[in-house]
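Peer 1: What follows is a single structure, and I will ask about it in a moment.
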Amino acid sequence: MHTDVVLLAALLGVLGASCAHKPTRGQKLEPQRHIRSKRELSLAEGFYDRIGSTVVKRSPDVTKVWGRKSEQLLRIDDHDFTMRPGFGGPAVPVGVDVQVESLDAISEVDMDFTMTLYLRHYWKDERLSFKSNTNQSMTFDGRLVKKIWVPDMFFVHSKKSFTHDTTKDNVMLRVYPDGKVLYSLRVTVTAMCSMDLSRFPLDTQTCSLEIESYAYTDDDLMLYWKEGNRSLNTDERISLSQFLIQEFHTTTKLAFYSSTGWYNRLYINFTLRRHIFFFLLQTYFPATLMVMLSWVSFWIDRRAVPARVPLGITTVLTMSTIITGVNASMPRVSYIKAVDIYLWVSFVFVFLSVIEYAAVNYLSTLQERKERKLREKLPCTCGMAHPGLMSASYSEVDVNTTGNYGMPEENGVRRERILAELVMENDQVTGHVGSRAYSDVWIDTHAIDKYSRVIFPGSYILFNIIYWTIYS
């Protein structure tokens, strides 16, 4: 009976409130807004929830209270997470393992490399321990990471780095009931790699990615590889266009800073061997062919100036272009690289082939001048008693051009003799003065070309044998 009276009073109160908001006559109509006090709302809710003294229980919205319950379970608000675990005690051991996803780029010009990896940290923080009947861990994203203590790792000698954030921050936090924590993130880092290019492109480079705590010395935080060398895993599909990845391994050292102290530093070392086939096609083979092309001039007649001079100039300019192209893609180091030795020696061989023709042409010109002077000193042969004894190869063309008699080849060498032989038979009557003066004047105008055909290829082959023996 008492319950019915209370319900009736509640209904009358609601009807009275609605009637009080009716507009009077002539008053402007506005949209009706129901404003209720907290007491009225509670009465109304109680009215709809209670049907004849039976209470209807609604299930709670778990999604709205999950974050609050997890933080209460981990007791985050009960601790100061700005301090490391076990502050004032021994150093916190933090294990690290790395999964290398990709080795993206190696730059000789900038002396750096770019790597994408999964970096995982393992430590124990008893402040995060919780009770669990199933002994199952709880996994969170990057939002909880900002509320607890995590190791402050950074990459030594890094130029730039970032954590991936597609579609959300690639950060994972897993907490176990006993307080053990797994913290994982996906990072891309560009770090410095000091390269020695003295054997380029036949070189092998070793680069390192160094991980260290920024604030905590070895008295507060002890970094170590969780499972030694097995802590570093790589994707089998990792490959580079110019390098062959020979080895990945880990090391641990101590780094000292004069102002702050000693720090544990972890190293990810990897060894790269450069592929040589690309440079054989683009550099070594073209340079070798240019040197061989310069040797063709040794088999061209010395009088063919329009043929030999352009050939020498073309090979010199081509070698200059090859050297410029190689150096354009390399850093400006102050030492000589292996490719520089090969290209500059090849350039010297090409240049010497041009100088060789200049020497042949100059010596031939000097000899022709001497022969011209000898012809001017010869006595007149108009009254020769035995004109038929003259060489059959004599012609007016020879006299007007070279002034020489073509002689047969001896041991593969074409020899030429001056006009003094014309008067040999006449000297038998007048004396042997002319014979002694002119019979020993011989000239081999092709001797330099003949020797160059053997010396140049032989020297270049010897150079290649020594070069590839040293740098292979």
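Quick reminder: no glycine exception, Cβ is built from N, Cα and C everywhere.
From a predicted model like this one, the values you see are computed outputs, not experimental measurements.
Under the heading signal peptide, TrEMBL lists 1-20. The domain 'Neurotransmitter-gated ion-channel ligand-binding' annotation in TrEMBL covers 76-275. Residues or ranges marked as transmembrane segment by TrEMBL: 276-299, 311-329, 341-363, 454-471. What TrEMBL records for 283-395 is domain 'Neurotransmitter-gated ion-channel transmembrane'.
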Peer 1: Using a Cβ-Cβ cut-off of under 8 Å, list the residues of the same chain that are 6+ residues beyond the ends of the transmembrane segment (454-471) and lie near it.
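Peer 2: Counting only partners 6 or more residues beyond its ends, the transmembrane segment (454-471) has Cβ contacts under 8 Å with 199, 202, 291, 295, 298, 338, 341-342, 345-346, 349, 352-353.
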Peer 1: May I have the DSSP-based helix, strand and coil counts for the residues of the domain 'Neurotransmitter-gated ion-channel transmembrane' (283-395)?
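Peer 2: Its residues divide into 84 helix, 0 strand, 29 coil.
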Peer 1: Would you report the average pLDDT that the model assigns to the domain 'Neurotransmitter-gated ion-channel ligand-binding' (76-275)?
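Peer 2: That stretch averages a pLDDT of 92.
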